[in-house]
Amino acid sequence: MAKGKFERTKPHVNVGTIGHVDHGKTTLTAAIATVLSKKFGGEAKGYDQIDNAPEEKARGITINTSHVEYETTTRHYAHVDCPGHADYVKNMITGAAQMDGAILVCSAADGPMPQTREHILLARQVGVPYIIVFLNKCDMVDDAELLELVEMEVRELLSKYEFPGDDLPIIKGSAKLALEGDQGPLGEAAILALADALDSYIPTPERAVDGAFLLPVEDVFSISGRGTVVTGRIERGIVKVGESLEIVGIRDTQVTTCTGVEMFRKLLDQGQAGDNVGVLLRGTKREDVERGQVLAKPGSIKPHKHFTGEIYVLSKDEGGRHTPFFNNYRPQFYFRTTDVTGSIELPKDKEMVMPGDNVSITVMLINPIAMEEGLRFAIREGGRTVGAGVVAKIIE
């Protein structure tokens, strides 16, 4: 069957299912795709199609992820589901599947379990902004008080990790019943209620072009008679000729002016998110700019070198280290386009980190990098990737 043309008529939102193993994440994913395709059109996907997730590589790390698409009246959703816990950890830390919001699936029969907690913590660390809860398997719980208790537990757990536990939507249902076409309140109706919650509770994400201009510097040239040209792909925002910009990271922040934007050897009056461009800078010398810095809208981003992060350490099979590392380990941190050496401080209760682990760390870089919470990085040793991480909180 030919792939249908991607119609950009509705705003696009990225979501995913998270939660403990066997609480019904994949069944729910299949149920949403099936129920919504009946109502709004689109393609239904069966449980088996979603469960055997294809392997993908993100930053050299193999991750199994299933992608499902569905529509509501107002939006188009891309939904990710992972078969195993390790896949979730890798996915969320590498940002391979950015989520504008997550659906936390929790079995009403079991209540919150260790991975429920771990996924909520990960969501907090990697900056998933919104969580909606689907209390699954409600058909297996006859006692209304027990349901209330589980709901309370889930809300408390979310509040503990700084999500608005008391206010976020919790939908009660049964993904299995919905998948079977059940017309009761726990079946298809619960899935439609979940779709409404997605539409109303998760705000439409800001498009990359609406953000504050940022371009990671890949290369720098000097063109005689014209000045210095910086090349790279615009990460977000728009740059117009005549605007003043800041060069941020590695050394002291400098102010410069954009006097030209080039793409495919053509002169433009502006460049926008996604464009590979050359930006001509006035009054900036070739040696004042280097790969690893960023060009940015003045005041929009600051250089930092001390932060906490959440990292996943590649296993030996993934080409990672064969041995653990300890406190004060000093690898390179690859941010955007360059490596910066830094030292790792482990949590007090952690003596060492084994390949295949994920852990919260504190990092001190030797040079500052233009940084924001949510920025992804790779950890490398001599050019070889040994881990992936995300900035959780900036210390200074």
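Cβ atoms are placed via backbone N, Cα and C, with glycine included.
Between the stretches 81-84, 273-276, 345-348, 357-360, Swiss-Prot puts its region 'G3' entry on 81-84. Which of 40-44, 60-64, 185-189, 295-299 counts as region 'G2' depends on Swiss-Prot, and there it is 60-64.
Annotated by Swiss-Prot as region 'G4', the relevant range among 4-7, 136-139, 232-235, 240-243 is 136-139. Of all the binding-site residues given, namely C82, H85, C138, those whose Cα is no farther than the 10 Å limit from the Cα of T26 (Mg(2+) binding site) are C82. Confidence in the region 'G4' (136-139), given as mean pLDDT, stands at 98. Listed in sequence order, T17, I18, G19, D81, V105 are the same-chain residues six or more apart from K25 (GTP binding site) with CB atoms under 8 A from its CB. For the recorded site, C82 (GTP binding site), the DSSP three-state label reads coil. In the structure as shown, the Cβ atom of D22 (GTP binding site) sits within 10 Å of 13 other Cβ atoms.
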